[in-house]
Ligand SMILES: [Zn+2]
């Protein structure tokens, strides 16, 4: 009954749409995962917790969800560009490790941190390096459709031709190709691309490049955007229900995914595009150069000069859920301390009410008005969740619910199990 009411804000249409899966009760969801070259931070936590809620709520609504979240272990170059060093290879050189050691180390620490945040592991967690043949096949298909070209062993996506023949490039982010062309920092003659808006599907490896594979074009490596198209279509089909990720991935990464899917399979990859907003720190963007880059481990141990104390993983999870996933969320000690109090209050309230359940006396008279108020709070919390997963409002209604429950003795008839998705292990 609840599932009919679920609305999701679709970045593609810029409206809230009623959620209608392509083949119910199955739901396919792909979320862009981490590039594993450093410790996880609040940004990673927000994306993981936001989509954990989506995953849990869809399952609660009895959908059969296949949740795929990739691990990027090759091809993500510095500044998300087509030139420069691979992020993982750079870290490997710095730490004198094999690139795969770097990927393994940070994939493991990512899993540890996400488990502490009580997120459920995805159904499938594919790695880019494990899907090189799939990526090569995809490039073949795009070339066969005339929408990519080979230069000096590298393959580039022909954005202008795609724009003319297939679909509008920029449809998701609202960018216009002409403006992108004039705003490009790449100067004529400096690049082997036909146009600065074109993006790499395959790059020929320079002699010092560590990660490399054989292909008919060159010994090289795939472009960053390609892996998500190759892996999402392999595990979820050419078109699936939900594609998620951080707002910072909307352009160019997701835009390029849409282009790659249309250029190979003549379809958009996903029906609904969901993007979680960013976390700021005391109003500032988080960045290593600003000295406000706090990893989750530092947060959990209070081990950073900006931190007044340690914050438990569940406080961090609760803090993330006190804002709607599409709103910005500002980190400060004050906000975290408030979250710590709120979380304790809610959990203690839940414990008390669950104890009441066992002490309930069937002889006690039920106050009908109180029951109606309790039912109203439950319905309001569901309405909030059905309104594009508005956890902020849902938590507000849970507090109302707890207030009413504490004055109500017979709680046997109240189903609280769904509340658990917010925080209880
Ligand atoms: Zn991706």
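A Cβ is built for glycine as well, from the same backbone N, Cα and C atoms used for every other residue.
Between the listed ranges 12-22, 23-33, 34-44, 45-55, TrEMBL ties the annotation motif ''HIGH' region' to 34-44. Annotated range for motif ''KMSKS' region' in TrEMBL, selecting from 285-289, 290-294, 295-299: 285-289.
Excluding 32, 228, 253, 257, which define the Zn(2+) site, the same chain contributes 225, 227, 229, 243, 245, 249, 254, 256 within 8 Å (Cβ to the Cβ centroid), listed in sequence order.
Sorted by the number of other CB atoms within 10 A, the binding-site residues 32, 228 start with 32, the lowest. Counting every protein chain shown, 19 other Cβ atoms lie within 10 Å of the Cβ of residue 253 (Zn(2+) binding site). Using DSSP to sort the residues of the motif ''HIGH' region' (34-44) gives these counts of helix, strand and coil: 3 helix, 2 strand, 6 coil. DSSP classifies residue 253 (Zn(2+) binding site) as helix under the three-state reduction.
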